[in-house]
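Q: Let me begin by handing over the structure; questions about it come next.
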């Protein structure tokens with residue numbers, strides 16, 4: 001019979017050992033079976049490592065630092081113990097009489113309970129401010145010294161020097177009464193006084209508005225919002241003014257009619273050449289008759305093409321077989337060099353000849369400058385003219401509204417008998433398009449996706 005295993009002497013089982021964790025039972029340490037865990041892997045370190053004793057020790061150290069300002073083991077005896085000599089005898093001191101104008105201090109002089117709660121209860125000193133002990137970068141110091149030696153002022157300092165000193169208006173200590181007849185008159189409808197604060201202060205406090213770009217202030221068109229109609233469009237116009245307006249409307253209609261006639265001419269065709277039933281039948285039957293003759297012609301054409309391809313192949317093979325000799329390559333290289341030299345000499349001669357053509361060159365340059373100036377003026381004039389014209393902002397072009405005009409026999413002598421024409425809403429909509437505020441649009445075309453299905457109801461079927 002094998003001898004019984006002798007238990008190991010564990011330090012936790014020794015008498016007088018105080019465990020850091022009160023909940024730990026020393027008997028459990030011996031009775032519990034040890035787990036066999038591979039601690040070579042990092043993921044098993046925190047999982048199977050017991051660090052409660054270390055955490056308890058650190059928590060005890062932090063508690064001592066909070067309550068006593070340090071470790072108890074490092075404190076001297078005078079800081080931990082004191083000599084008890086009993087209660088000190090109270091000396092009868094006469095309370096000082098309160099001075100005139102001062103109240104007697106009593107319980108109100110003691111600190112309030114809420115103030116005591118808000119006071120810090122930790123004796124740990126605040127952390128040291130590292131940034132306050134850091135020295136400035138030596139590179140920046142050397143750069144500032146170098147610029148100061150040259151006399152250059154940094155941008156921030158330059159802005160501070162350019163600051164405008166604003167005189168501060170001192171307010172009156174005593175406000176004036178409302179019934180004072182000599183007080184300054186305040187106009188509530190007057191212009192507000194501008195902010196006289198320092199621009200540097202406004203810029204740093206983000207109270208100064210960003211400067212609006214000039215491009216955003218420009219209008220998209222120079223046309224007025226409401227265009228005034230010509231004098232001939234009045235309800236009781238002058239005869240000549242009305243006739244000139246009628247002529248203008250007539251010219252517009254003539255231009256439209258010419259465009260329609262031009263389109264009709266372009267789409268016109270000869271009616272004699274129109275397709276008939278006979279011509280349509282011939283086109284449909286074409287290619288179905290006389291197939292045998294066409295097959296023979298096709299076979300003969302294919303034989304001729306094969307013979308031609310064989311001859312071309314033989315000639316191409318002979319041409320590829322020829323190879324240039326070394327002498328021919330040297331000759332071609334020499335000719336190429338000779339051609340390059342000839343071109344270089346020609347360019348040199350042309351450069352020398354230009355020295356004697358300075359006057360002619362100056363005149364040509366002057367003419368070119370004049371042409372460019374003319375083009376620039378024309379371009380500017382065109383741009384100015386386009387400012388009052390509608391631009392193409394979308395897929396469609398702007399179509400001007402038809403001129404609203406009345407004929408001579410439709411004129412009314414008074415506003416009461418005047419017949420209204422046009423629509424104010426349509427006029428405003430066209431004005432927005434003409435001034436490039438919105439793009440030209442057209443009415444959306446309704447396209448039905450599914451065919452309408454008609455169903456006859458039972459009640460209607462009974463009646464019919």
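Placement of Cβ uses the backbone N, Cα and C atoms for every residue, glycine included.
Look at TrEMBL and you will find 21-49, 83-113, 289-349, 367-400 tagged as region 'Disordered'. Residues or ranges marked as compositional bias 'Basic residues' by TrEMBL: 32-46. Feature annotation from TrEMBL assigns compositional bias 'Basic and acidic residues' to 86-102, 332-349. As annotated by TrEMBL, compositional bias 'Acidic residues' applies to 289-313.
Could you give the neighbours, burial and distances for every feature on this list?
A: Among residues of the same chain six or more beyond the region 'Disordered' (367-400), those with a C-beta under 8 A of the stretch's C-beta atoms are 220-223, 430, 433-436, 438-442.
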Q: Please list, for the compositional bias 'Basic residues' (32-46), how many residues fall into helix, strand and coil according to DSSP.
A: 5 helix, 0 strand, 10 coil
Q: With helix taken as DSSP H, G or I, strand as E or B and everything else coil, how many residues of the region 'Disordered' (367-400) land in each class?
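A: Taking each residue of the region 'Disordered' (367-400) in turn, the totals are 21 helix, 0 strand, 13 coil.
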